[in-house]
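Student: Sharing the record's features from Swiss-Prot:
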- ARG198: active site (ACT_SITE)
- LYS232: active site (ACT_SITE)
- HIS302: active site (ACT_SITE)
- ARG305: active site (ACT_SITE)
- HIS328: active site (ACT_SITE)
- TYR338: active site, O-(3'-phospho-DNA)-tyrosine intermediate (ACT_SITE)
- 23-120: domain 'Core-binding (CB)' (DOMAIN)
- 163-351: domain 'Tyr recombinase' (DOMAIN)
Amino acid sequence: MKVQRIEVENKPYPLYLLLDKEYQLIEPVMKFIKYLDNTGKSPNTIKAYCYHLKLLYEFMEQRGVILNDINFELLADFVGWLRYPSASNVIDLQSKKAIREETTVNTILNVVMSFLDYLSRLGEFKSIDVFKQAKGRNFKGFLHHVNKGRYQKNVLKLRVKKKQIRTLRSKEVKQIIDACHTKRDKLILMLMYEGGLRIGEVLSLRLEDIVTWDNQIHLTPRDVNVNEAYIKLRKERTIHVSKELMSLYTDYLIYEYSEELEHDYVFISLKEGYFGKPLKYQSVLDLVRRIVKRTGIEFTSHMLRHTHATQLIREGWDVAFVQKRLGHAHVQTTLNTYVHLSDQDMKNEFNKYLERKEHKK
């Protein structure tokens, strides 16, 4: 199985297809990819979907079944196989550790179910019922009084343990920024920390997106990005940043950027032989690895975004404002992800309560 990138005539961005071991196009996946593209999914999302479906077809090949053989039992086996890949139908749970976390397995399962649902709507696959009525929904929708709190739950999805999102202390952030050797690297990490930007959003920035005089950054979705960095959800938004960050941006343009480029991407490679080319996703991942090695601080790029959001909430920002700043589609995502209290948060709030109580005496 192979995921193949292709250039399509009249499309300014690449698409991805799935090929079998004979390098023949897998037609059901091709139809699904076309549907995803027509409904506005980003090239990166389509690429991820292709790789997830590649796993399904590898599983089917190993089991000696075809798509129309897929039933509830095989889907359940597929979920187990994702965690414990095995050449046989027997899984030795005693000697193996799951290679994928529950959240990853659930993400892959969601893609597979969307794929099968699409084929079912075309009349090319028999629908599989994997849902049951459940209670206990966190968020009450507009029609909650009609549904009486019941919703559809996928019984194949794995239970995910609620994890405390790890954030960085201010001292650690300073060490990380100080460990950068270039203004470009400092600016990239500061945009994630102070602006809450994702890697794709940072790398998609063009010179016209940054308004230095008003300390604003416009995040603008574009169909064509040669470095394949895209804004998630394809929604525009504007964030405000500090004068200090804008000053760092200006210094980067003066001392490290080139005026002789044929493009206007903000972040470029500074390596000899590659100088001036738009920076790619892997380069930022490599940067983070270097900083981890230099500082001994274990962190990810997304942890900088987590830290920013958590600090905003601790400072009293309304969750709706945090949602808009981070670019979440739903406020519930912000609530579920960032409204978490550490033991220290609880202690601080209790001490404030005691102070107010003492003041009233």
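Placement of Cβ uses the backbone N, Cα and C atoms for every residue, glycine included.
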Student: For the domain 'Core-binding (CB)' (23-120), what are the DSSP-based totals of helix, strand and coil residues?
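Tutor: Split by secondary structure, the domain 'Core-binding (CB)' (23-120) comes out as 67 helix, 1 strand, 30 coil.
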Student: Are there residues of the same chain, six or more positions away from LYS232 (active site), whose CB falls under 8 angstroms from its CB, and which are they?
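Tutor: Listed in sequence order: SER42, ARG198, GLY200, GLU201, GLY327.
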Student: Sorry to bug you, but what's the C-alpha spacing from HIS328 (active site) to HIS302 (active site), rounded to the closest Å?
Tutor: 14
Student: Under 8 Å Cβ-Cβ from HIS328 (active site), six or more apart in the same chain: what's there?
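Tutor: Residues satisfying the criterion: THR334.
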Student: Run through the Cβ atoms and count how many others sit within 10 Å of the one on ARG198 (active site).
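Tutor: Here the count is 21.
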Student: Drop a 10 Å sphere on every Cβ of the active-site residues HIS302, ARG305 and tell me which sphere holds the fewest other Cβ atoms.
Tutor: HIS302
